[in-house]
Amino acid sequence: MPKWAHLGLAALLLISTTQEGTADIDWWENASLYQIYPRSFQDSDGDGIGDLKGITSRLGYLKEIGITATWLSPIFTSPMSDFGYDISNFYDIDPIFGTLEDFDDLIVEAKSLGVKIILDFVPNHSSDENVWFEKSVNREDGYDDFYVWDDGKLNEETGARDPPSNWVSVFSGPMWTWNEKRQQYFLHQFQVKQPDLNFTNPMVREHMLDVLKFWLDRGVDGFRIDAVPHIYEHRNADGSYPDEPVSGWGSDPNAYDYHDHIYTKDQPATVDLMYEWREFLDNYRAQNGGDSRVLLAEAYSSVETLSAYFGNSTHQGTQLPMNFQLMYLSGYSTAKDVVGSIDYWMNTMWKEHQTANWVVGNHDTNRVADRMGAHKVDLLNVIVNALPGASVTYYGEEIGMSNVDVECTGDSCEDRDGERTPMQWTAGKNADFSDGESTWLPLSPEYQRYNVQTERGVSRSSLNIFKGLQELKSSSAFLAFKEDGGFSYEAVTEQVLQIIRTNKISEEYRILVNMGNGMEILDGLAPKTYEYVLATAYSTHYSGQKADLSQRIILMPYEAVVLRWLA
């Protein structure tokens, strides 16, 4: 039997927008979300680094390609030890990106276009240059335990003081660092320059609610919460911190994977915190009106944990605990592999909560063209936009951008830079990203081929396929995904994925995706005649062509098509 799912790809077609039989859905449930890495989207002042004015100038593009909301990677004041994920002032914009006035202008323009703005919210830690940390080091009143501090353990053999536990940071090495001035260890789940805030302290939680309110008052539509699993740690009743057991996954005790992080990830208090923040946002909406404010949770956690973050029978949590399952697909993945990845989410999240979201990529992961191959970029875009729920696209994936080899210089090498290179707008100087003489990261050598301007003029380009997919989101068939039988998905062969979206009355879309490198012959898929409405570059079919699915059809290698049936 076919499994859940189905979303479509629409090309330039007339879509039925009647909503017969569709359930009420909130805006985020069927949204097209788009991540912008601000340093790399658009430079407005010629310094080679993207900024807020640049983003504002390009918001019309997001409207053009059908984006519902965009979330911005951190733009707050920061020494940039971790490119903005080390925040020294949660209430201001880093001068690299502009000013609060620039941000307000961006909000005004976004609202005029109907594009929602979501901010990256980094609550787990701050920069060690944040005034909160400086006050905590000095034990100033109210800030003494604003961060996680401990005396450590006395080594009976050496007489020296050792860290409180064997915990290892995400970036390797001890999670505890000695502060000479305070004469205590502080905790940092990430870099040493990113000390962890102490969320067991009510004052910390109040400060973070104040941060949320500050940006809500400026007009943002929600927050993507960074590093959710790391917010709380377990502490024993006697105040000590337990050692974590060895995982068996590695041989280097300084590597993060060496231990099983049962005391430093996904603690029960983190779930309660998500419920607290959701209640805060819902109350804000009740008092101020407008659409729902949304919470996205970045959590590389089990689906059972993500289910808890979403909510239970008595509490609501993050609307979109981010689903990274499709990011684990490779160039060798078959249609059956894709179904397995979909099932992992749907067997829990859809069954329990009737919710789904699908992430294509992000600033920490190689681009689709590198993970799966350039010939499969359109296939993944088709899949994530054909499945029920929200889709999350990393900037540039809609035009098939690839990683760039970035040479290590100086005393550091950021191995995530390859997927963070400037957006490719045109084939001109610096891809029209910047008027400067250089850009903060090098452009792809392929930018003259893969860019927005060029792809606008190619009917089956990745960009136009992407735009066609977004058009289908307003069709009655796509809006019926919460109705019984509104979608299904299955691997009809080892390599061919089929997704169906239907309102069960007057409209049905059938999406076929050939993940393999060989032709696929399909016989008797349905006793009806359909019409092709979208076909990728590898297809021999064209929009408007009829297809009798009671007969045989053939899919070329790496071909994806969308067919429509109307009563």
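Using the three backbone atoms N, Cα and C, a Cβ is placed for every residue, glycine included.
Feature annotations, reproduced from Swiss-Prot:
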- ASP226: active site, nucleophile (ACT_SITE)
- GLU298: active site, proton donor (ACT_SITE)
- ASN30: N-linked glycosylation site (CARBOHYD)
- ASN124: N-linked glycosylation site (CARBOHYD)
- ASN198: N-linked glycosylation site (CARBOHYD)
- ASN312: N-linked glycosylation site (CARBOHYD)
- 1-23: signal peptide (SIGNAL)
- ASP364: site 'Transition state stabilizer' (SITE)
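Annotated features taken from Swiss-Prot, shown on the structure.
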{"residue": "ASN30", "record": "N-linked glycosylation site", "DSSP class": "helix"}
{"residue": "ASN124", "record": "N-linked glycosylation site", "DSSP class": "coil"}
{"residue": "ASN198", "record": "N-linked glycosylation site", "DSSP class": "coil"}
{"residue": "ASP226", "record": "active site, nucleophile", "DSSP class": "coil"}
{"residue": "GLU298", "record": "active site, proton donor", "DSSP class": "coil"}
{"residue": "ASN312", "record": "N-linked glycosylation site", "DSSP class": "coil"}
{"residue": "ASP364", "record": "site 'Transition state stabilizer'", "DSSP class": "coil"}
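For GLU298 (active site, proton donor), the spatially nearest entry among the recorded positions ASN124, ASN198, ASP226, ASN312, ASP364 is ASP226, judged by CA separation.
Fewest other C-beta atoms within 10 Å: among the glycosylation sites ASN30, ASN124, ASN312, that description fits ASN312. Just so you know, the Cβ of the residue listed as 'active site, proton donor' picks up 22 other Cβ atoms within 10 Å once every protein chain is counted.
ASN198 (N-linked glycosylation site) has ASN124 as its nearest neighbour among the recorded positions ASN30, ASN124, ASP226, ASP364, going by CA to CA distance. Counting other Cβ atoms within 10 Å of each Cβ, the lowest count among the recorded positions ASP226, ASP364 belongs to ASP364. Ranking the recorded positions ASN30, ASP226, ASN312, ASP364 by the distance of their Cα atoms from the Cα of ASN124 (N-linked glycosylation site) places ASP226 first. Taking ASN30, ASP226, ASN312 as the recorded positions under consideration, the smallest Cα distance to ASP364 (site 'Transition state stabilizer') is found for ASP226.
The distance from the Cα of ASN30 (N-linked glycosylation site) to the Cα of ASN312 (N-linked glycosylation site) comes to 21 Å. When Cβ atoms from all protein chains are considered, those within 10 Å of ASN198 (N-linked glycosylation site) total 20, not counting its own. In this structure the alpha carbons, written CA, of the residue listed as 'active site, nucleophile' and ASN312 (N-linked glycosylation site) are 22 Å apart.
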